[in-house]
Structure formats: structure tokens, C-alpha cells
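Q: Once you've had a glance at the structure underneath, I'll fire off some questions.
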Amino acid sequence: MSEAISFMKGIIRRFAGNEYVLMVCMAAVVGVLGGYGAVGFRWLIGFFQGLFFSQQGSGGILDAVNSLPWYARLIPPIIGGAIVGPMVYFFAREARGHGVPEVMEAVALKGGMIRRRVVAVKTLASSITIGSGGSAGQEGPIIQIGSGIGSAFGRMIGVSADRMRTLVACGAAAGIAATFNAPIAGAMFALEIILGDFGIAAFTPIVVSSVLATVISRVHLGAFPAFIVPQYSMVSLWEILTYSSFGVVMGFVGVLFTVTLYKCEDFFNAIRIPPYTKAAIGGAMVGCVGIFIPHIYGVGYDSISLALLGQIPWLLLLSLVVIKILTTSVTIGSGGSGGVFAPSLFIGAMAGGAFGFLMQALFPQVTAAQGAYSLAGMGAMVSATTHGPITAILMLFEMTGDYKMILPLMLSCIISTVVASQLKRDSIYTLKLTRRGVDIRAGKDVNIMRSLLVKDAMTRDVVSVPANMPLKKLVRFTLSSKHSSFPLVDEDGLLEGIVTFQDFKDVVFEEGLGDLVVAKDLSPQEVITITGNENLDSALRKIGVRNIEQIPVVDETNPRKIVGILSRRDIFTAYNKAVIDRSITAGGAAEADRDKRRSAA
């Protein structure tokens, strides 16, 4: 291992002056590692499926489950939840849920830093969740695993934060590409969803990583698409209207899935029992449904294939849309580990099949087969939930290899994205971050400001003046001070107001007012304050309201008790320090790792 690290460092030194070649070399390594990570993860899912359901391989479990008695369908999700809950809670809580938001946050705020243990815990937790019948997908975990591999590799060789972010995106691209045998979709996912940036600097390394991961996947798993899709095409131009209408419907369904997922998470968070026991409860709920409708177990690829072939009855298709939304929300909301990408494909395929059946019944001469709408539904649902239409279109195009369906795909995906984004500003990924106060769209600067607290940046030595200080003394005091605004306090030291030079500059030269006017007379009626637990973004906004240089920081329980003062300078000093700290985090972490290895040696 040490020889490999030394070899990579030698390459870095050799190409230190050529950023392009250097990033391509590092991306190639991440692509290979990410490809093997995806292959290993899929093998683990197959292993646990065999353990829980006597089903060999990493494929679907529908046939195996159908042959089992009812109690053998109920128990596996409960056992899986009972194992995963404590594992995630005690070892790596980032491994809970679908994983992609944590990767986005790491890229936006943490310089691409992902704890190494997350890769191991996510791999085990998600494979157990899915292998035991949890209604979740494998793509989200594979993305987090690939991204974690990219982050770990970057730390190992000591790259900068900018390079680290690119390597994390390379790992995400590798995960998607290896899963679907779709290198273009993998690259687009990393650029569109993870980075939110189509810049050329990141494009080439991500493509290299995506292609190599696909090669690894094809060598070990075969050069087969994720789904075998019949050759569909538009029957007539009238279908432009039907596919457009379908896009609107899928926009609503996508938002329904997003809202339901986080409502379930809130529901389980409100239950006052140990958090690590909740995944078992979620598993029991999923198992109860699976007794009667086993289609909801696991990633659901076998059911998707049946829908694409038009082999699922119309009423069951409609039922599966609702049931899959609920069971996936319960699986993930209760603390299980798995993705929402495959469930989105599943829901879209079922909704599309139901819509296609209806169109065939109403307009049989001018509409395509039911399976064509299932295919369009898969892309439309992914677009509606992720707000990433380019990724969805390219992924479905790569999966089918047929240009004839590109127009229906584009129509459905774009329209569903527009409808979903109008109904819900956040995607299924960004909503999780928004609920934690992180706004990816706001940019790194705002997110850094929101991550810093007033109490950590404020000055505790407050320069205040008595509220009854005469004007002439106030003028002399102001001229001798480096500040331009001052909190006013009463005899007990409690806040009475705030006064700035702008408040009294117009009356300074008025004769006879020096002893008559006191500081309190010059203070505005409304005093703007802030508490120590508010963030610096909020503080800067409040300071901007009155265009002042300082704002009093008050006690949360007593809004008149001053505990500090926060100035614009304090805010920008804290911000600059945070930027510097985050930019060197990757290199510093790598150096710490090397020191630990030296000490151990």
C-alpha cells in the first residue's frame, strides 16, 4: 500500500505543473476503485439476498419471495432493520438514508471530505437493508461509496480541496456508470447533481472515471444494460400531447414522493424510543406489506422489467405507485440505508404503465404500447425527484440504445422537472439539506456564513455608553473611539438602545443642545439585536438593515442583557478564517493520517 501511495505521489510531483494530466491520472485511479466498489457492493446485496431469501445472485428477489410462506416474507426486513439501525447509529450516522445529500454537502461545504468509515458502514448497512427486502435502491449507496473512495484517495495522497471535490464527483460518476453500464449518464449525474457545474476543468476527469468504472463493471458483471427494453417508438405526432400530459402528471407524483419521504422521516423522529430501534419497526411495516405484495422488496428491477414488457395488470400498476412511495419512505425514514434512485425508476415505470394502458384504451390507433410509457415514466420520475433532466434523458437513452424514444423522453422529463420545481423548490436530495439549514444553490459563501455562529465570532469586551450621557460628552467620546456605533445601557447595564454617529451628526453644531439632549434621545425607536446561537448570515442581514457597523449580542433568556458585540469586521474575519481552514482541510487531514501511520510504525 505504501509503495502505491509513493508511486502516486511521484506522479503528482512529475505532473505538478500540468493540472490537466494530473487530474486525469487521479481520476483514472478513482474510476477503477469506484468500479470495483460498485461490483463488490452488488455482490454483497446478492449475498444477503441469498442469506435472507435463499436467492442467489444480485438480481431481483420476486420469484424467490413468491415461493416463500408468509412468515418468511415478514421476518427478513425486521432482522435487517434490527442490524442496520444500531450499525448506522453507533458507527456512522451519515450512512443513514439515501446518501446523495451527504455527498452534495461534503462537496459544497467540507472540501470533499467524507469520513473513511462511512464507506464501510454504508456498504454493509445498505447491502443488508436491500438484501433483507428493504424497499430502497442501490444507486444512492453506490454513489456515496464511490464518492467516499474518491475522498479517501484524495486524503491519502494529500490533494487540495478543489482537487478533492473533483475526485469525489469522479467517485459518484463511477458509481452510477458501473451500476447502469451508462458512462455518459454517470458523468452527467456528477456534473449536474453533485457539482452543479459543467465546467471543462471537472468534465474530463469525471468522464475518464466514468468510462473506466464502466469497463470494470462490464468485465465482471457483463456488458448488459440494466434493463432489457423492447424497441419502442412514437406511433404518431398526436403522442406529443399524451407524453406532455404525462410529464405534468409525473411532476405531481415526483413531488408526492419527495414530500412523503420526509413526512415519514419526521414521523419516526417524533417517536420517543431509542433511534437505533426504529429501522426494525420500519422493517416490520414493510414486511407486513410484502406478505401480500412482494414486488416492493429490494431494488425492484424485476418488477420494472415486467412493466417495460407490459406484463403487469393495470390495477396492480396503480397500486404499486402508491405502495412503493410509502414503503420506500418508511424504509429510509425509519433509519434504513438505501437510495431513492431505483425507487424513482420503479414508481415511474408503474405510473407510466398505468398511463399507457389508459391511453391505449382511449386512443389505440395513435398511441404506443404500454411499455413505452413505462420507459418514459422512469425518466420523468427521476427528473421530477432529482431536478436533473439531462441525467435522466441520457441514462434512459443509454439503457435503450434507441434514438426513436428520445423525443418522448425529452418531453416527459423536461415537463415533469418544470412542474415539480414549481411545486417544490427543492429536489429530493436538496430538501434534506435545506431542512438542516444548508442551501446548495446559495453558493459556498452563504453556506459558510450559515455554518458559523455569532457567539464564536463576537467580541465579549463591549464598549457601551450610558443612555443619559449628554450630547457634548457623547461627541467627545465618539471622536476618541475607533467605533462609530455604541450600545446604550441604563444604570443596571441593561440595553436601552443603540446610537451611531449618523444619528447625531445633524445636531452636533446646534447651539444649546449639548447639555439638553442625551444619548437615548438620539437612538432609534427599534433596536436590532441578535443572539449568540444565530448564524453570521443572519447577523450580516440585520446589520445591513440599518447600515450599522456593530450589533449588540443579547442573552436568549433576557433580550436586554448584553453578552457581546458583533461588528462587520468580526464577521468577515471569521468568514476568511473559515475559508482558509476549509481550503487546507484536505491536506491537513492527509498529513495527520501520515503522522498516525509513522507513529504506528
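Glycine too: its Cβ is placed from the backbone N, Cα and C atoms.
Here the structure is a predicted model, which means the values were calculated and not measured.
Pulled these features from TrEMBL for this protein:
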TRANSMEM  20-45  transmembrane segment
TRANSMEM  70-92  transmembrane segment
TRANSMEM  166-191  transmembrane segment
TRANSMEM  203-228  transmembrane segment
TRANSMEM  240-259  transmembrane segment
TRANSMEM  279-300  transmembrane segment
TRANSMEM  312-334  transmembrane segment
TRANSMEM  340-363  transmembrane segment
TRANSMEM  375-397  transmembrane segment
DOMAIN    458-516  domain 'CBS'
DOMAIN    522-582  domain 'CBS'
Q: Determine which residues of the chain contact the transmembrane segment (203-228) at the Cβ level, with the cut-off under 8 Å and only residues 6 or more beyond its ends counted.
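A: Same-chain residues near the transmembrane segment (203-228) but 6 or more away: 20, 23-24, 26-28, 30-32, 34-36, 38-39, 42, 146, 166-167, 169-171, 173-184, 186-187, 190-191, 301, 304-305, 308, 398-401.
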Q: What stretch of 20-45, 70-92, 279-300, 312-334 shows the most Cβ pairs under 8 Å to the transmembrane segment (166-191)?
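A: Against the transmembrane segment (166-191), the leading stretch is 20-45.
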Q: Taking only the residues in the domain 'CBS' (458-516), give me the average pLDDT of this model.
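A: Mean pLDDT, the domain 'CBS' (458-516): 73.
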Q: Establish whether the number of Cβ pairs under 8 Å between the transmembrane segment (279-300) and the transmembrane segment (240-259) reaches at least three, counting only pairs separated by 6 or more residues.
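A: No, since the transmembrane segment (279-300) and the transmembrane segment (240-259) share fewer than 3 Cβ pairs closer than 8 Å, they do not count as touching.
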Q: Taking a Cβ cut-off under 8 Å, which residues six or more beyond the ends of the transmembrane segment (20-45) line up next to it in the same chain?
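A: Sequence-remote neighbours of the transmembrane segment (20-45) are 8, 11-12, 58, 119, 123-124, 126-127, 130-131, 138, 141-142, 145-146, 149-150, 153-154, 157, 159, 163, 166-167, 170-171, 173-175, 177-179, 201, 204-206, 208-217, 220-221, 298-299.
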Q: Is the transmembrane segment (375-397) packed against any residues at least 6 beyond its ends, judged by a Cβ distance under 8 Å, and which are they?
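A: Distal contacts: 176, 180, 182, 184-185, 188-189, 192-193, 229, 232, 243, 246-247, 250-251, 253-255, 257-258, 304, 308, 340-341, 344-345, 347-353, 355, 403, 405-406, 408-410, 412-417, 419-421, 427-430.
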Q: Restricting to the same chain and to residues at least six past its boundaries, which positions have a Cβ under 8 Å from a Cβ of the transmembrane segment (312-334)?
A: 81, 97-98, 129, 134-136, 253, 256-257, 260-268, 278-279, 281-283, 285-286, 289-290, 293, 295-296, 300, 303, 306, 340, 343, 346-347, 350-351, 353-354, 357-358
Q: Across the domain 'CBS' (522-582), what are the DSSP residue counts per state (helix, strand, coil)?
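A: Taking the domain 'CBS' (522-582) as a whole: 27 helix, 15 strand, 19 coil.
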